[in-house]
Amino acid sequence: MPSTDTIAAVATAVAPGQGGIAVIRLSGPAAEATGRSVVHCPGRQEWGSHRVVYGHVIDSEGRRLDEVLLLLMRGPRSFTGEDVVEIHCHGGVIAVQRVLEKVLRQPGVRRAQPGEFSQRAVLNGRLDLTRAEAVSELVAARSRRAAELAMAGLDGGIQAEITVLRERLLDQLTELEARVDFEEDLPPLDGEALLQQLQAVRLELQQLVRDGERGDALRQGLRVALVGRPNVGKSSLLNRLSRRERAIVTDLPGTTRDLLESEIVLEGVPITLLDTAGIRSTDDAVEQLGIARSEQALATADVVLLVLDGHAGWTAEDAALLARIPAQIPRILVANKADLPAGAFPQPVDVQLSALEGMGEADLVQALLERCGAAGTDGMLVALNQRQRDLAARAAEALARSQEVAAQQLPWDFWTIDLREAIRALGEITGEELTEAVLDRVFSRFCIGK
């Protein structure tokens, strides 16, 4: 599906004073002509596909804007399947902006929309939709495990899984439709065996959905709030988990007067630890502001660690804090100071540890991952994203309805209705059955330049 216009955008992250090199990407019929117009190459350098040339970008008054390398990739041997030019210029906001503005002033060139390069790759058959989504997920990966799963998708893991399941359903649909049209000429169809095969596909789809939900923790990370009355060791626990002195640790109540954050990775899961100010009654205006932010962190956390003083035991303040945790948010009761004699608790705690000595830390990590559904991701080969999970769940529901049709002993043509729906949903995962409007919605979530 050749495009009539040429798009351009910065394909690398740009920040003030950061990054030695930036890449400006062009794709479309005017890409090569634009590259030749914008980049002036000294000497007799040979232009060719997949060759690099050296030159300068010059403004309308003949002044050099930047020293660059240009890489031409003629279609269809390119990411988008179209003629693609990459201009490698110096990094930094100003240098990149000047070169991009020069590119966008050329005839037939416009600024790319978010995800438009990947969308063209899909429309031109260079990528299936799951691989295109994996590119975006690889760029956004916040941990090595998330990057590994994204690479599995980029290598075709998701596409292969879904294609196999879809082909199994297509085989069954072929059998059913043959019986509808030529039942008298064919041997009887074993409906029970057919149902077993549909049930097997449904169970595999449901497992993919469950794995994908765990994969979300790897992609998006978790927000974990450390809550407790003052001086129970929340800041010590934050420092223990993050392996650095992120919070000031003293024996004075109210030392943490604001919300502190620390980014860590536990068992491949990116986690934002929120060390909240001790929630208590106070006349200190600054501390009151920190407490208000702590309460907001409670409402937005994926899981709450209620840190208790294991030496002092359970108090009325602990009970009040437990009651303030929203009911729908998982919570873990952590008795800190396990290196000291234990106090009394009216209910069992989930984890006993010493933030100072490190004992019990592994138990806390395991409890945290299990409570938020992020445990057991090591054996996962692929992880469906939200869009893919919704479609896989829709296919599984359609297959469940086919069992209801069988129970009612309806004719074969009734079976085909839900089977076609399941096949269509799986085709939407890989992009085999998608409208351009749906593609626009999918790629609008991508970064510009991807």
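Each residue, glycine too, has its Cβ placed from N, Cα and C.
Among the features that Swiss-Prot reports, (6S)-5-formyl-5,6,7,8-tetrahydrofolate binding site is placed at R25, E86, R126, K450. In the three-state DSSP scheme, R25 ((6S)-5-formyl-5,6,7,8-tetrahydrofolate binding site) falls into the strand class.
Residues or ranges marked as domain 'TrmE-type G' by Swiss-Prot: 221-373.
The K(+) binding site annotation in Swiss-Prot covers N231, T250, L252, T255 and is backed by sequence analysis. Neighbours of N231 (K(+) binding site), defined as other CB atoms within 10 A of its CB across all chains, total 19.
The GTP binding site annotation in Swiss-Prot covers 231-236, 250-256, 275-278, 336-339 and is backed by sequence analysis. Using a 10 Å Cβ-Cβ cutoff, S235 (Mg(2+) binding site) registers 23 neighbours.
Among the features that Swiss-Prot reports, Mg(2+) binding site is placed at S235, T256, with the record citing sequence analysis.
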- Query: So of R25, R126, K234, K337, which of the binding-site residues has the fewest other Cβ atoms within 10 Å around its own Cβ?
  - Reply: R126
- Spacing of the two Cα atoms, N231 (K(+) binding site) and K337 (GTP binding site), in whole angstrom, works out to 11
- Task: Taking the Cβ of E86 ((6S)-5-formyl-5,6,7,8-tetrahydrofolate binding site) as the centre, count every other Cβ atom within 10 Å, in any protein chain shown.
- Result: 22
- Item | E86 ((6S)-5-formyl-5,6,7,8-tetrahydrofolate binding site) - helix vs strand vs coil (DSSP) | strand
